[in-house]
Amino acid sequence: MKWGQPLSLTLLVFSTATRSLSTSVQLHAQGKIQTKSKKTLAKPGVKNIVLVEGVRTPFLLSGTTYADLMPHDLARAALQGLLHKTSLPKDAVDYIIYGTVIQEVKTSNVAREASLGAGFSDKIPSHTVTMACISSNVAMTTGTGVRKMRKTMLALNRAKTLGQRLSLIGSIRMAHLTPELPAVAEFSTAETMGHSADRLAAAFGVTRLEQDEFALRSHTLAKQAQDAGLLSDVISFKVPGRDTVAKDNGIRPSSMEQLAKLKPAFIKPHGTVTAANSSFLTDGASAVLIMSEEKALAMGYKPKAYLRDFVFVSQDPKDQLLLGPAYGTPKVLARAGLTMDDIDVFEFHEAFAGQIMANLKALDSDWFAQTYMGRKVKVGAPAMEKFNLWGGSLSLGHPFGATGCRLVTTVAHRLLKEGGQYGLVAACAAGGQGHAMVIEAYPQ
């Protein structure tokens with residue numbers, strides 16, 4: 001899809017928040033990259049949509065400092081951080097959209113509650129979207145379970161006679177009052193994502209060593225980026241009743257020797273996916289400010305990047321659950337008229353190290369391209385000197401509904417830092433879905 005006329009003069013805040021209930025490393029220089037002069041992806045007659053700013057709360061291990069907060073609390077903090085960073089007039093916003101995962105019952109429309117709590121006008125419409133790990137991607141481009149007790153209470157409300165009501169009340173059992181916890185398993189297959197990642201890694205011949213090496217790479221690069229002050233999208237957040245948090249707390253560089261000691265987490269005893277080469281359950285929120293280019297310039301903003309073409313994809317949720325990037329990347333490149341060599345910055349969501357390596361191998365496979373993509377040849381794998389150079393979900397964390405905004409903001413910041421022109425975001429999601437987007441640097 002393309003960004004088109006409906007957004008021509010509209011100022012939008014697309015925001016996300018969620019709480020999830022859930023050997024040597026090759027390092028590369030962080031300096032400027034040399035890029036050839038490339039065409040712009042601007043389309044005649046189509047308004048340019050730009051990223052003005054992106055922020056996020058620190059991503060924390062689930063159950064730590066954010067343990068007593070609800071999703072809208074984190075979302076409110078992200079929105080307030082965005083307001084502070086941009087000096088955005090609250091009445092200038094036309095619409096607020098949030099992405100969230102594992103919705104809870106008290107605030108079914110997180111966007112509305114977060115916007116009101118952040119001080120936005122009650123005249124600004126807000127709505128919430130969900131699409132698993134790419135919910136914020138959906139928000140940028142546009143749940144509670146049913147319990148037996150709820151069924152009984154609804155039936156009780158419809159009962160017309162005293163006898164019917166007493167009969168229904170008499171049918172209530174303790175089991176009806178037992179909370180139904182959010183499932184980490186896929187609804188359609190009853191398989192956990194980690195189990196699927198282990199099978200996927202095996203199918204593509206990804207070894208335990210490759211996974212541990214990639215995980216160590218992610219944590220090492222994240223620590224370097226954090227120490228160098230490159231994670232400038234992170235805002236400080238005074239947690240009510242607790243301390244102020246200012247940085248992610250899941251970044252933990254280790255060693256190949258330590259990683260090798262961990263046992264398989266899902267397929268035992270011969271699996272290759274462990275706690276260390278998987279993304280951890282994370283709490284956090286993010287927010288981005290996007291608008292038409294002409295509106296941004298009229299308000300005195302210097303945009304960070306153009307948001308260009310994007311695609312959403314779906315595939316077999318059983319055997320290809322986590323292959324969203326492998327399906328989305330060729331399609332968005334074709335839509336934008338680009339090749340892998342044109343891309344200067346890659347940011348892929350790291351659900352599992354095995355998932356990342358499997359996607360890279362799929363992208364570099366003629367057989368996969370011909371069998372599943374209807375293509376004659378592969379598009380090729382991203383060059384690792386361009387890939388996730390500031391860490392990724394394995395190290396920074398992965399609040400399910402907030403990662404998409406982090407990916408987009410990181411691409412924009414890396415393009416500015418490294419002097420590149422095009423960036424590509426890709427992510428997988430539950431249900432066998434995925435997303436990919438091309439981002440273009442704003443002229444400096």
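All residue numbers here begin at 1 and follow the chain in the order shown.
Glycine is no exception: its Cβ is also placed from the backbone N, Cα and C atoms.
Quick look at what TrEMBL lists:
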type	residues	note
ACT_SITE	C133	active site, acyl-thioester intermediate
ACT_SITE	H398	active site, proton acceptor
ACT_SITE	C428	active site, proton acceptor
DOMAIN	49-294	domain 'Thiolase N-terminal'
DOMAIN	301-440	domain 'Thiolase C-terminal'
SIGNAL	1-22	signal peptide
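TrEMBL feature annotations superimposed on the structure.
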residue : record                                   : CB count, 10 Å
C133    : active site, acyl-thioester intermediate : 32
H398    : active site, proton acceptor             : 28
C428    : active site, proton acceptor             : 35
Spatial separation of C428 (active site, proton acceptor) from C133 (active site, acyl-thioester intermediate) - C-alpha basis, Å: 7
Distance from H398 (active site, proton acceptor) back to C428 (active site, proton acceptor), taken between C-alpha atoms, in Å: 12
Stretch-averaged pLDDT - the domain 'Thiolase C-terminal' (301-440): 97
